[in-house]
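In what follows, a structure is listed as structure tokens, so that the remarks can point back to it.
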Amino acid sequence: IKNITFFSSLIGYYARVQGVSYLLEAFLKKTECNCQIVNLGAGMDTLFWRLKDENLLPRKYFEVDFPMIVARKIHNIKSKPPLSKPIIETHSGDSLLIDSHSLDSSRYSIVGADLRFSSDLEEKLKKHKLDVHLPTLLVAECVLVYMTPQQSASLLKWAASTFPVAMFINYEQVNMADRFGQIMIENLQRRQCNLAGVEACRSLESQKERLLLSGWENAHAIDMMKVYSFLPQTDVKRIEELEFLDEKELFEQLMQHYCICWASKDSSNLGNVPKRLRSCGPSR
């Protein structure tokens, strides 16, 4: 079990990054980067720096997390030139706005806020020049599941009602009502980790339904085993060789209990991603 947990974490993270990146890059290319990204619960994510290296920076990139997490990240940025230099290079105008709980430059902004309070979140983002009229991609990876269904619904409704042209990407657990899902929940509870929003993670259908009920016009959801199946086989083979996998069935079960969901609200079909990914799962 220890080996499969390590392996699944490794390959699962690879599949997660590839799946989210596929959707994100499709959005950036459709908008020709004339858009903004809001990374909700970003933690120590390095997506901004990856996008800069790939010449795919949006007009502005926002990150949001709890003030304590933000303070730690700002400290890392200030103390590590490979992190601070790209922010300075893409900045124009007056000096950078930076304090212990926020950083604001021309292209990158990090905000300390609680996602459970949408009005406070919006106020802080607008202070950092969020443009609600710009095509907007919101990303949440293992974030909504830690909020109550009411709190996550409030956040999803806020996003759908605030941005006329937008896409929302959500990565988290799914199929949690079956026996395997219950074992996952019990294991997390033993580690004092409470999934307050697990009710929305019953199935792919329940994941799509929450998005539609929150005001999004269409929604898609696929489990990570499906995502894994369309990854480049040369990369998959290389990753698999890093750790011997002798519990294929257990690995597949784990991958079937995580998913990527995406929804859109727009008049320009921004959420209509290439068929390669869309055809892997049902949509509405």
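For all residues, glycine too, the Cβ spot is worked out from N, Cα and C.
Residues R16, G41, D114, L115 are recorded by TrEMBL as S-adenosyl-L-methionine binders, and the candidate that the same record lists for that site, out of E89, E141, E172, is E141. The number of other CB atoms found within 10 A of the CB of E141 (S-adenosyl-L-methionine binding site), across every protein chain shown, is 20.
In three-state terms derived from DSSP, E141 (S-adenosyl-L-methionine binding site) belongs to an extended strand segment. For D114 (S-adenosyl-L-methionine binding site), the Cβ neighbour count at a 10 Å cut-off comes to 15, with all displayed protein chains included. For the recorded site, R16 (S-adenosyl-L-methionine binding site), the DSSP three-state label reads helix.
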